[in-house]
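Participant: My structure is below; once you've seen it, I'll send some questions.
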């Protein structure tokens, strides 16, 4: 009897346990179903919000485009009126209401304001520039829906905090060199220009004439107050100046200054000189999308003209001619392109394969082999690729860098490649074996690198403001100190005796290399020999180049301009405003008859250098 009762109790307990288990299982299933429904509804809601936001941005873009077209007609009309009056006006570009308003002033396009004739002033202003939407893709989950990167970031390493602190300060233009005979322009200070942020995955890029600082992340949140319309006045009637034993130069078309340079090539003083106003037409070449202002103090040796405009789907980070001058290579997002220089036709595209096609992979630096058979590219994935141009396939992948590749160069004998990276190293690679044969360690990230034309020296620019020169055997032979901010570009002269450098301090420096003159290490000056310092850009100098005849230096800047510098006299020969965004890369053709530029406005351009008429 007891056993039957026990069995009954056990059965009841099992039934109760089973019922409780079934209840819990049902509750768990119901909770899971509710969770899935909630997650699905939240995701759908977020997608709808993003789509609505994208539609709003697209509508704003269409409205902005319509306003821009209307204002451009008025601007062109005002420009024609000013040219008829013989006046070169500062260009004032204003962004939409509620945004920053920045003044873009070219150093060769500043009008002298005559205080004695205020009645002759004329106020002009220009409307907002094209503001394209930067939200063409839904960003990854870990990213904000608001892109934070800017156009120039695709090329450049992080910007030091000291530069960020000074980015809002005004900058007086001019030239300083060690030759006291060289004079420079004394231009009014202008507010640095900024680029709105860009979504690298987007098909369209904001093309405001307001370039922001280059960097690999968003280091800058510029703020600027609106500026009133620019008062434009006719230039002063030139007055006869007392003859001087020293020749003078003005880098501005309408105003200039005399700068006495001390031993270090920096400013020592300024004296204003009278501008020249009777040769306006001879000093300026104007086209619909570009213009050139020539320095009236320089003898006209050559003119420049636009040959080809090469459109790209993204920011153009680098440009480079082949050694025979027939081809131009450009680097942009996920691709390197090769163009025919004569026709401007794209011959082919070398696609960079990314593990995630939706993410950006910019080709930051590029170079042809001397024989033209290979093209080497440096990208954000920390790899250097050597492409065989006959097959358009990768021959070698040089791996070893631990951060992005910012700069590289091919040796002139074709045997080696040098590269610089944010991992604080510069490396020398053997082209035949694909092996790293030399590793140079630096305290800060490498931003620029070049190998001398005689293949004996490697110059390295870095974030610590110093340029280091090594022998190819790995011996440090020279340190060039003088820049006040990071060095972003360097270039050797063809005879390897001169090095040109561009920096975030807005200057270009000309260095005399002691090591190439067989000077003993004990006799080399510790800080190097700076022959001249050129100051004319209103913003960061991002790229420099030296002409094949060693006569001219070329610089590209965040201020959207390119300048030619006479390396013999130190004068600014011309300024070219040829892009709507930062000029990130410049280079000369091997014969010196052309040069190329790459910009954040999604364009590369090929320009001709034509002899001036006698």
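Don't overthink the numbers, they just go from 1 along the chain as shown.
Glycine residues also receive a Cβ, built from the backbone N, Cα and C atoms like all the rest.
Pasting the feature list from Swiss-Prot:
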REGION    93-135  region 'Disordered'
COMPBIAS  120-129  compositional bias 'Low complexity'
REGION    163-184  region 'Disordered'
COMPBIAS  164-184  compositional bias 'Polar residues'
REGION    204-267  region 'Disordered'
COMPBIAS  218-228  compositional bias 'Polar residues'
COMPBIAS  241-260  compositional bias 'Polar residues'
REPEAT    400-430  repeat 'WD 3'
REPEAT    441-471  repeat 'WD 4'
REPEAT    482-512  repeat 'WD 5'
REPEAT    536-566  repeat 'WD 6'
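I'd like to know what surrounds each of these features in this structure.
Facilitator: Only residues 6 or more beyond the boundaries of the repeat 'WD 3' (400-430), in the same chain, are considered here, and those with a CB under 8 A from a CB of the stretch are 155-158, 216, 364-371, 376, 378-380, 382-384, 386, 436-451, 453-455, 458, 460-462, 470, 472.
Across the repeat 'WD 4' (441-471), DSSP classifies residues as 0 helix, 19 strand, 12 coil.
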Participant: Run through the repeat 'WD 5' (482-512) and tell me, per DSSP, how many residues are helix, strand and coil.
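Facilitator: Summed by class, the stretch gives 0 helix, 18 strand, 13 coil.
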